[in-house]
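TrEMBL has this to say about the protein:
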BINDING   Tyr74, Lys76, Tyr93, Asp100, Asp282  alpha-D-glucoside binding site
COMPBIAS  172-216  compositional bias 'Basic and acidic residues'
COMPBIAS  316-342  compositional bias 'Basic and acidic residues'
COMPBIAS  343-376  compositional bias 'Acidic residues'
DISULFID  Cys70-Cys102  disulfide bond
REGION    160-223  region 'Disordered'
REGION    304-383  region 'Disordered'
SIGNAL    1-18  signal peptide
Amino acid sequence: MQLLGLVVVTFAVYCVHAKVYFREEFLDGGLQTSQDARFYAVSARFDPFSNEGKPLVIQFTVKHEQKIDCGGGYVKVFPSDLDQTDMHGDSSYYIMFGPDICGYSTKKVHVIFNYKGKNHLIKKEIKCKDDELTHLYTLILNPDQTYEVKIDNEKVESGSLEEDWDFLPPKKIKDPEAKKPEDWDDRPKIDDVDDKKPEDWDKPENIPDPDAKKPEDWDEDMDGEWEPPMIPNPEYKGEWKPKQIDNPNYKGAWVHPEIDNPDYSPDSTIYKFDKIAVIGLDLWQVKSGTIFDNFVITDDVKEAEDIGNETWGVTKEPEKTMKQEQDEVKRKEEEEKNKEQATEGDEDDDEDDDVEGDDDEDAEEEPLTENDDEDDANLKDEL
């Protein structure tokens, strides 16, 4: 296990397959954050390439074995001009992908692309895993401007780059010249003009309490004229409103007509990045202990899936079994600890009862009387 105790670490790994641009497996268990409340920056460089005309697949595993409450678990992919020795949160990147957890409100998968110098966040919410097991995260970016996100080799989200990010202005906009006609009636219901308010409808909201009596000691010269307190009127019906009927002139909701957006220009190269050359972890963790492993960048979707099955796929079931066994051992230890504490509590209660019993016996002894004092005096005289 390699521990990330330093703020910045760099290492270099080169491609090992014609279609795999980068692959790193830590044979000793992974790359683990080691200090709480720290920023981490670690990166690896490989030969620059472009994903033009082919898929781009980014894949890695994350394990929050520390039961993380707040911290990032994502990777970033950088251009070749990145200075690895000065990598930080403001360093320009191409892609940011992976889980991010903070409290109960933030448990999501980031998918952020840099387009024309601006970072664009996905408009969809993708929930990440928040347990203590290892999970495989995969991002697939296709030349037809579509994408797919997989967790544990299962698709959790997919769609169009143009629709799910705000890279481009909208294709259509509301026609600024269009106005709702003045005679357009969009009220589904209207007042019934034939409905009349009942003559006995109007009643006061509050009335004097009929059961109230003026106090006998009430002095009108001193206290003024006595008035009974007010109580809610049981006959009060509130404000009268005529009943509603269907509007015969209802035309439905007016829809603002749209026109082609003159500022919109299609771009078939949103997916494309040139001189991709660095993958790194640039993140903040309040609670350390996350393990990263099995990093892969390739243009072969099947290759990435096979690598995932050969690595994470082989260990997932044994890991799950081991975690269940550890949880069972922990449960039994907690159970035994609770029993011991309960036993100690019972013993303390018994000791308290014994002390109270002794006090009761002392209290039950008869006090000395005057006759007892005289008998003691006579006995002393005889001696």
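Including glycine, each Cβ sits where the backbone N, Cα and C put it.
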Please count the residues of the compositional bias 'Basic and acidic residues' (172-216) that DSSP assigns to helix (H, G, I), strand (E, B) and coil.
0 helix, 9 strand, 36 coil
For the alpha-D-glucoside site built from Tyr74, Lys76, Tyr93, Asp100, Asp282, further residues of that chain with CB within 8 A of the site's CB center:
Gly72, Val75, Met96, Phe97, Gly98, His110, Ile112, Gly280, Leu281, Leu283
Which residue counts does DSSP give the compositional bias 'Basic and acidic residues' (316-342) for helix, strand and coil?
27 helix, 0 strand, 0 coil
Rounded to whole angstrom, what's the largest C-alpha distance between any two of Tyr74, Lys76, Tyr93, Asp100, Asp282, listed as binding alpha-D-glucoside?
17
I need the CA-to-CA distance for Cys70 (disulfide bond) versus Asp100 (alpha-D-glucoside binding site), whole Å please.
8
Three-state secondary structure, Tyr74 (alpha-D-glucoside binding site) (per DSSP):
coil
DSSP-derived class (H/G/I helix, E/B strand, else coil) of Cys102 (disulfide bond):
strand
When neighbour density is defined as the number of other C-beta atoms within 10 angstroms of a residue's C-beta, which of the binding-site residues Asp100, Asp282 has the lowest density?
Asp100
Spatial neighbours, same chain, of Lys76 (alpha-D-glucoside binding site) - Cβ under 8 Å, 6+ residues apart:
Tyr93, Tyr94, Ile95, Met96, Phe97, Ile279, Gly280, Leu281, Asp282
Using DSSP, would you call Asp282 (alpha-D-glucoside binding site) helix, strand or coil?
strand
What's the CA-CA gap between Tyr74 (alpha-D-glucoside binding site) and Cys102 (disulfide bond) in angstrom, rounded?
13
